[in-house]
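Worksheet: the structure to be examined is printed underneath.
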Amino acid sequence: MQKNKITGWQLCFLTLQTQLGISALSMPTDIAAEAGQDAWISMILGGLTVQGIIIIYIWLIMRCKTVSYFDFLSMVYGKFLGKMLLLFTILYLIFMLLMVISSFQQLITDWINIFTPTWMILLLLLIPSLYLAIDNITLIARFSMLISFFIPVLLIVILFVYAAPQFLYLLPVGSEGYKAIIKGVVPAVAALSGFEMILFFSHYIKENKRSELKKGLIGSGIVTFIYIYLIISVQVFFYIDELKIVPYPVLYIMKALSLMIIDRVDILFLTFWIIISTAVCINYLFVTGTGVQSLLNLKTHKYAVVAITFIVFVISIFIESKVEINMIQNQLFSMLLVFAVLIPTLTLMVSFLRKKVGDS
Amino acid sequence: MKKDQKRFKKLQNINQCKSFNELIEQIDFSSGNSDDLTTIVLDYLDKQTVLLYYESLVDTNKQSNLLEWISEMFWKTDEFPDTIDVKIQPSDLSFTEAIEFLLDGETLLISDDSGIWNITSIKSLKVFQRSIQEPKNEQIVRGSHTGFNENLIVNLNLVRSRLKSPHLIIKYFSIGSHSHRKTALIYLNDLADPMLVEEFTMRLNAVDVDLAFSVGYIEEFIEDSNYSPFPQFLNTEKPERTAANLMEGRIAFMMDGSPTCLIAPVNFFTFYQSPDDYNGRFLVGTFYRLLRIASFLIALLLPAIYIATISFHFEIIPEDLTLPAKRAVQDIPYPPLFEALILELTIELIREAGIRLPNPIGQTIGIVGGLVIGDAVVNAGFISNLMVIVVALTAISSFVVPSVEMNTAVRILRFPFMILASLFGFTGVAAGIIILIVHLIKLESLTTPYLSPIAPFHVSGIKDTFIRLPGSKLDTRSADAHPLNRKRFGRNRWWKHAKK
């Protein structure tokens, strides 16, 4: 067993976990705010867009087989510009971490731990993440795969919606007009954020073949299907006007559900969800750590991860109000556009022009 | 005295001694004048002879036979009879070596043959051993009831007679700087990964202790992680289980004086496999596997979930249960964590008290503890009866694990979970679960991943973890031990299809 290497399927689950953990619970509301009852169509389009972006990634990665994306930046743009871009990418990753951490903290504070101080919840999320993020990629990939066994729990619990579905809420299809649907693609892609992990994880793959990388497409595809399933389930449960004002519609469905032995499924489910969402923190912490390692030419990413965790912890203590978190979340799409779409595409084109290939 | 010591230290080998008296003095000095070192000097004409042995180590029957023979025959012939196991030693034997022979229970016969020392060692060790019994901590319903005892050779016999294969390799090691203890590494050289054998050998060679008094003690010197609560070696006292694990490509380690056999590399699920699973029907085996995994979760999480529910999330209790639950809890003066801690600690006390007491008293302790404390503590209003149910269920679940070490790991681990639950509710439990999972993922047993068939995921490994498929379907060995040949056997039950 090679250390510090992953298989194609592990890449698939790393991507899947990162994407799923970020916004699965709140995403239907955001999309419905733009696309109304055609939110699910926007999700399909969003999923296709992401698949397109991942194909661009695969082209890019095939040009830098053994070099990490961070190092490839310096190879393509030269030392100074490359390092600058790397620095900005790290800032972007820290931004993502902040967003993820504070959204989770907000969710937990809203839903289960109303009186627990913010910093305690942050520590509860960050310390377990740090414990794994300082270790190597193989273990992180194993964690992501193990955690994926919890995903069916989400799908099965949501199945209870179909005891009394209102499929009429979906009709007429396309009533919002194509403009609204296209507008809905923006939050849909934002909800799928996390696909950029393929860029950062790909050079760990044992055999850097196109077929292995394509398993990243499968991961993103599975997430798209899960999201479409969730959106449709939410839409046949809530009337659209209702949906637009419900913050975590997936959890609200569970709140309505009452089993014989457990009355509030949502609280128990959220316990599972915290475990799933930690995978996101772990993945981002690890990637940011390796980014800093590449920037400062460190031997390990260990201390970088510890430092980043501390920075994220300190900053997120000050992000308290919902308004601030919403502000951050609104920036997500434009950040994604720049760092996950524009820069990789530009890098691909420049590397074509300058005939740079990262293959040792 | 000091001057004497100096003179003695000069001599290294027996053949440096000039006179017979000097030899005896030297031996006495090297053994520290221990009273149980018996020296018998025999004189006959010019042949001076001394017989040396530890009377505390030798077999008295053998010894009297030997003396009888020596007094009658030794002066006449050089040939020893076949009944006596002798070995001629070189005449330049050092005193340290001589003492080692004596400590191994041999008798040294040193005779002066016209200026040259003739040294003969005679095997005369007396071994006291327990008969072969069923190990009390690993009782099974069906299957072989044979267990190891404290004699290494007997134990190796039990293993080899079950695995009659030329590929079964036994390597001896001597551990302990003060007292050498014979230990053995057992593996099948056509199955066990040579890298792992090398790793195990390296770790054993690195052990530097004064006295290796038990296998469990040595385990701490060779395991991967000292600070993990989880056992990284499987302990077993059953030859049948050892043989089955060797057939998986695993490596076994045994020591003279200890009936326990250490097996590595193992994974988490190995500890939940009982030999009974394979003797019964597969549905029953699968059911009990699932039950044991569930018991792991119950023993670990039930008190924590109860505490979190009572102190944070009362709303998850269904409507019909709310009133009974509230009635049970409302008059209790302590917070749920203290209730749980008091009761859990009581159970641990009862267990610890009962374990070393003779059986009849042990039962009394059980009754006093279980009935009197359990009942009285509820009547007194210290602890709610719901908590008694929870703790009792937890205690029973924790004893379901067929491995003692895993059982202790689970019992220790539920305390941090209880504390986390009382501080943060379900969020704390979730954080605890993550740390536990991450720890298990990081943990290694002889450099192989501990959570093997699950992380990293092997579909073929699942056949014998949560579930147990029928024996004929278990045709591949588990991947975590990297066996050289994954295929266990070929196609079975072909006659089932051939009839049609």
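Quick reminder: no glycine exception, Cβ is built from N, Cα and C everywhere.
Note that this is a predicted model, so its numbers are computed, not measured.
For reference, TrEMBL has these:
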- A:40-60: transmembrane segment (TRANSMEM)
- A:80-102: transmembrane segment (TRANSMEM)
- A:114-134: transmembrane segment (TRANSMEM)
- A:146-164: transmembrane segment (TRANSMEM)
- A:184-205: transmembrane segment (TRANSMEM)
- A:217-239: transmembrane segment (TRANSMEM)
- A:245-262: transmembrane segment (TRANSMEM)
- A:267-287: transmembrane segment (TRANSMEM)
- A:303-320: transmembrane segment (TRANSMEM)
- A:332-353: transmembrane segment (TRANSMEM)
Field: Any contact, the transmembrane segment (A:245-262) to the transmembrane segment (A:332-353), with at least 3 Cβ pairs under 8 A
entry: no
- prompt: Under 8 Å, at least three CB pairs between the transmembrane segment (A:80-102) and the transmembrane segment (A:332-353) (pairs 6 or more apart)?
  reply: yes
- request: Quick one: find which recorded stretch in A:146-164, A:217-239, A:332-353 has the most Cβ pairs under 8 Å with the transmembrane segment (A:267-287).
  value: A:146-164
- prompt: Counting Cβ pairs under 8 Å that are 6 or more apart in sequence, does the total for the transmembrane segment (A:184-205) and the transmembrane segment (A:303-320) reach three or more?
  reply: no
Message: Contact between the transmembrane segment (A:303-320) and the transmembrane segment (A:114-134) is defined here as three or more C-beta pairs under 8 Å separated by at least 6 residues; is that satisfied?
response: yes
Task: Count, for each of A:40-60, A:146-164, A:217-239, A:303-320, the Cβ pairs lying under 8 Å from the transmembrane segment (A:332-353), and report the range with the highest count.
output: A:40-60
Field: Cβ-Cβ under 8 Å with the transmembrane segment (A:40-60): same-chain residues at least 6 beyond its ends
entry: 31, 34, 69, 170, 173-174, 181-185, 187-189, 191-192, 195-196, 198-199, 202, 210, 213-214, 216-217, 220-221, 223-225, 227-228, 231-232, 235, 340-341, 344-345, 347-348, 351
